[in-house]
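> My questions all concern the structure below.
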Amino acid sequence: MDDNPRSIETMATKQITDASFEADVLNSDKPVLVDFWAEWCGPCKMIGPSLEELSEELGEQVTIAKLNIDDNPDAPGRYGVRGIPTMILFKGGAAAATKVGAEPKGRIKAWLEGAL
């Protein structure tokens, strides 16, 4: 019997694709932070746990989503993603703020809260 209330199978961040981008991001009722990442990107993996924690901490205010650029090349091209990790905050269906590169959790949180 598992006494842990959090299921190991559920993740706080939402996995999105080019196909779901419009529905999950552009048509979202609340702001969405999209993390453009790839499996081979070391810095992307470094910020992953921070984004999971921020998704739980700020879940009422913002959805944090992850888009694998290798599997989904359309959205990164459309939004000018040149390097990863790139995080773009979308509000009301438009890109509102962009952060490129890995940062400590506190800096990501401060940037995100300032942009919300």
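Cβ atoms are placed via backbone N, Cα and C, with glycine included.
Reproduced below are the annotations present in TrEMBL:
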- 5-116: domain 'Thioredoxin' (DOMAIN)
- ASP35: site 'Contributes to redox potential value' (SITE)
- CYS41: active site, nucleophile (ACT_SITE)
- CYS41-CYS44: disulfide bond (DISULFID)
- GLY42: site 'Contributes to redox potential value' (SITE)
- PRO43: site 'Contributes to redox potential value' (SITE)
- CYS44: active site, nucleophile (ACT_SITE)
> DSSP-wise, what's the residue breakdown of the domain 'Thioredoxin' (5-116) into helix, strand and coil?
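Residue counts for the domain 'Thioredoxin' (5-116) by secondary structure: 38 helix, 28 strand, 46 coil.
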> Is it possible to get the count of other C-beta atoms within 10 angstroms of the C-beta of CYS41 (active site, nucleophile)?
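Cβ-Cβ neighbours of CYS41 (active site, nucleophile) within 10 Å number 19.
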> Give the number of CB atoms, excluding that of ASP35 (site 'Contributes to redox potential value') itself, located within 10 Å of its CB.
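So the Cβ neighbour count for ASP35 (site 'Contributes to redox potential value') comes to 22.
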> Could you tell me the mean pLDDT the prediction assigns to the domain 'Thioredoxin' (5-116)?
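Average per-residue pLDDT within the domain 'Thioredoxin' (5-116): 93.
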> Far apart in sequence but close in space: which same-chain residues, 6 or more away, have a Cβ under 8 Å from CYS44 (disulfide bond)?
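Listed in sequence order: ASP35, TRP37, ALA38, ILE84, PRO85, ALA102.
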